Every structure is written in structure tokens, then in C-alpha cells.
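J.: This structure is in C-alpha cells; I'll ask about it shortly.
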Amino acid sequence: MQPDLHCRTLAAHTLKHFRALSPLTHCMTNDVVQTFTANTLLALGASPAMVIDPVEARPFAAIANALLINVGTLTASRADAMRAAVESAYDAKTPWTLDPVAVGVLEFRRRFCLDLLSLRPAAIRGNASEILALAGMALGGRGVDTTEAALAALPAAQALARQIDCIVVVTGEIDYVTNSQRTLSIPGGDPLMTRIVGTGCALSAVVAASCALPGAALDNVASACCWMKLAGQAAAERSEGPGSFIPAFLDALYHLDVEAANATN
């Protein structure tokens with residue numbers, strides 16, 4: 001199943017602005033996905049920067065167009081750097097996005113993520129288990145893996161969006177993007193996207209970058225989800241497995257032409 005025509009039309013419009021702006025996206029992400037995240041942003045036309053030292057993270061967050069905080073490989077020193085960057089982004093009105101990886105499993109990162117929410121992220125992106133845990137409705141999951149369907153976490157996402165006044169994305173076979181008042185659903189993608197490390201983390205970076213665009217934040221974030229779903233489908237069609245999927249996915253993002261996809265579907 002592909003994203004519907006309305007979503008793809010919206011995504012085509014947003015992608016033009018995204019590539020024209022090439023948002024400078026400050027990624028404080030986990031060690032496992034640094035390269036894949038940077039390459040995903042580059043393939044779409046953004047400008048990634050992986051600045052992680054506390055001395056540099058604070059001033060850089062103020063000049064970037066967007067900031068991503070991904071707690072996948074959180075340490076005490078990295079938490080200090082992330083907090084400094086978020087405080088700087090908050091003061092500079094730089095939109096920042098939280099990816100609360102495995103927040104329902106480990107207490108240190110759960111408390112850290114909850115503490116950061118007071119600094120008003122523009123967006124939160126997680127799987128169902130992570131969103132349920134962050135909203136205080138359940139604890140669990142299997143590390144980075146979800147034990148819940150995305151739809152089951154939609155009420156939690158809507159409550160969290162209302163509480164924080166932000167966009168919340170719950171990802172799965174169907175992605176749900178909500179600001180509590182409106183909710184958009186984006187089907188598509190391919191199961192191969194779950195057989196490599198980093199597609200969710202990379203999506204969070206693209207969501208962060210999309211928050212730098214003018215216009216309706218909900219539509220911009222939904223467009224980011226649509227781009228990734230379309231690229232995942234295209235890559236799967238010419239891949240034999242996870243090893244060939246990764247380069248095919250980056251190529252699909254680079255060559256993504258949503259208008260052409262709209263014309264042929």
C-alpha cells in the first residue's frame with residue numbers, strides 16, 4: 001500500500017522547499033547510525049552536522065536550522081551535551097526533535113527524556129512502545145523494538161502532542177502524525193526497512209530537518225514520513241535483501257520525484 005494521493009501531493013510540494021532550503025540539521029544521534037543518518041539527509045538534500053562535544057554543541061545548536069536528539073547510545077557525558085544543545089536551541093527558537101529510543105526500558109534515559117520535554121520539542125518520533133512509555137501509559141518494548149502496533153499508541157501520541165504542544169509521530173507499518181487536533185496516516189514502506197539498523201533513527205533526522213521549513217508543521221512532518229515510505233518501497237523493488245537495500249534506499253531518496261509517482265499511480 002502506498003501513501004494516498006493527497007499525502008503524495010503534499011509531499012511533492014514540501015520536497016521542493018526542503019531541497020531549496022537544505023536545512024542545516026544538527027544531529028546528536030546514536031553511534032550505531034551516524035553515517036546512515038548523515039547519508040539519508042544528504043540524499044534528500046539537507047546538510048547534516050554531527051556536533052557532539054558539549055563545548056561545541058551549545059553554540060552550534062543556536063546557528064543550525066534544526067536539532068535532533070536521539071538517545072540510542074546515551075551516556076552521562078552525552079546527556080550533558082544534549083541538554084546544553086537543547087537549552088541553546090530553545091533560547092534561539094531553533095526547532096528540535098526528540099527520538100526517545102528504548103525510553104520504556106531504561107530508567108536513566110526515561111528520566112532524561114522526560115526532563116527535556118519542558119524545553120518544548122517541535123516534534124517527537126518513536127515507535128508505539130516508546131510513545132506509550134513517554135506518555136506514561138506503559139513501560140516496555142524490547143530495546144529499540146516495539147511490542148505494540150502504531151495505532152494502539154495513537155491516543156498516547158495525541159495526549160502527548162496536546163500536553164507538549166508539538167507534533168508526535170508514531171511509526172510502524174502505518175505512520176501516524178498528530179498535533180492532537182489533526183492526525184494524518186501514512187501507509188507504505190516495506191518490511192525490509194525493519195531488517196536494517198537505522199531507518200527509524202534516520203526518519204527522526206528527516207523529521208527534525210522538516211521542522212525547519214515554513215508552513216504547517218504537521219504537513220511538513222507528514223511529508224517527511226511519506227518520502228521515507230516511498231523510498232523504502234522503491235528500494236525494496238530492486239533489492240535482494242538487507243545488504244543491497246541500503247544503497248538502493250539512499251539512491252531512491254536522492255532520485256525521489258514525488259510528482260512522477262503521483263502521475264503514475
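From the backbone N, Cα and C atoms, a Cβ is placed for every residue, glycine too.
Checked Swiss-Prot, it gives:
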BINDING   MET50, GLY198  substrate binding site
BINDING   ARG125, THR171  ATP binding site
J.: Helix, strand or coil at THR171 (ATP binding site), per DSSP?
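T.: Note: THR171 (ATP binding site) is in a strand by DSSP.
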J.: So among the binding-site residues MET50, ARG125, GLY198, who's got the most Cβ atoms within 10 Å?
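T.: Buried the deepest by this measure is ARG125.
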J.: List the Cα distance (Å, whole number) between MET50 (substrate binding site) and THR171 (ATP binding site).
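T.: One finds 24 Å between the Cα atoms of these residues.
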J.: Per DSSP, ARG125 (ATP binding site) is which: helix, strand or coil?
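T.: ARG125 (ATP binding site) sits in a strand per DSSP.
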J.: Return only the integer: C-alpha distance in Å from THR171 (ATP binding site) to GLY198 (substrate binding site).
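T.: So the alpha carbons of THR171 (ATP binding site) and GLY198 (substrate binding site) sit roughly 13 Å from each other.
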